[in-house]
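Okay, so here's the structure we're looking at.
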């Protein structure tokens, strides 16, 4: 192919030959026809790599700021409490990687081994990978277009040496973007268990979650369920509950009923969650009996039950 624009969407992109940057490119017709696209060998390589990963869970949200990364981190912490369970946490929020901070791993670097990139470990059974580990400073801005993000996700899925893993948790950016399309495409043949969608109770968040649910259905991504985060505040002294974000349209419960998706649970606001995330520590350690911790544990149990059922169905399909 001839010289292409710097901001080319890529011959394999859905926007190939159709995007604004394609105007005037000598390869526009070729890309629009699909003739410029070539089979991506990485899909088979990733499928092979993922054979050592038992369960794969995507964590999604319609909006930023609803606690998606906090949930991903505490899902990983909760599952890793069983020392015999191996957990991998992959942060593909390329432009806003917050997992290194939440997991207490800021300043850590990625190391190369003979079998690929080595994850950074919080515990012996909890490994983490994030683009944040590749930045010289946490304040560095990542200003990448779709093809470069796609390449980074491909490299994470293909080249990170997780070893034998029970749960791979993928923390995604908010919304439905290139990153979501890439990870679903690359893991399509590796059998994703499903997605957990995080929301807050108010309608301004729920309206984007409806779009997220429609996205999952369009790309045939199973929905494990919805978590309503910041669902009320329980006063630690009087135990009275206050609605900080009022569910003016019925909250996640009514939305889940209307769209026929499971509501996994509600996590109340707790100031300790934010404090512990800033310190890079698990909230469960400091507040083992708080309403938020108990809600998390119930949700984690339901996710495990879903994954075990999904695994049984996969095994039955293979045996038949």
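Glycine is treated like the rest: Cβ placed from N, Cα and C.
According to Swiss-Prot, the feature N-acetylmethionine maps to 1, an assignment based on a large-scale study or a structure entry. Positions annotated as [4Fe-4S] cluster 1 binding site by Swiss-Prot, on the basis of sequence analysis: 8, 22, 25, 31. The feature ATP binding site is assigned by Swiss-Prot to 62, 63, 64, 65, 66, 67, 68, 69, with sequence analysis given as support. Positions annotated as [4Fe-4S] cluster 2 binding site by Swiss-Prot: 235, 238. The phosphoserine annotation in Swiss-Prot covers 319.
Shown here: features listed in Swiss-Prot, placed on the structure.
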{"residue": "25", "record": "[4Fe-4S] cluster 1 binding site", "DSSP class": "coil"}
{"residue": "31", "record": "[4Fe-4S] cluster 1 binding site", "DSSP class": "helix"}
{"residue": "62", "record": "ATP binding site", "DSSP class": "coil"}
{"residue": "67", "record": "ATP binding site", "DSSP class": "coil"}
{"residue": "235", "record": "[4Fe-4S] cluster 2 binding site", "DSSP class": "coil"}
Open item on the list: Name the residue among the binding-site residues 22, 25 whose Cβ has the smallest number of other Cβ atoms within 10 Å.
Closed with: 25
Task: For residue 68 (ATP binding site), the number of other Cβ atoms found within 10 Å of its own Cβ - done: 26
Task: residue 31 ([4Fe-4S] cluster 1 binding site) and residue 62 (ATP binding site), Cα-Cα, nearest whole angstrom - done: 31
- [ ] Run through the Cβ atoms and count how many others sit within 10 Å of the one on residue 64 (ATP binding site).
- [x] 14
Open item on the list: Here's one to test understanding: among the binding-site residues 22, 25, 235, 238, whose C-alpha is closest in space to the C-alpha of residue 65 (ATP binding site)?
Closed with: 235
Task: 63, 66, 238 filtered to the binding-site residues whose C-alpha is within 10 Å of residue 22 ([4Fe-4S] cluster 1 binding site) - done: none
Open item on the list: Please list, in sequence order, the residues in the chain of residue 238 ([4Fe-4S] cluster 2 binding site) that are at least six apart in sequence and whose C-beta is under 8 Å away from its C-beta.
Closed with: none
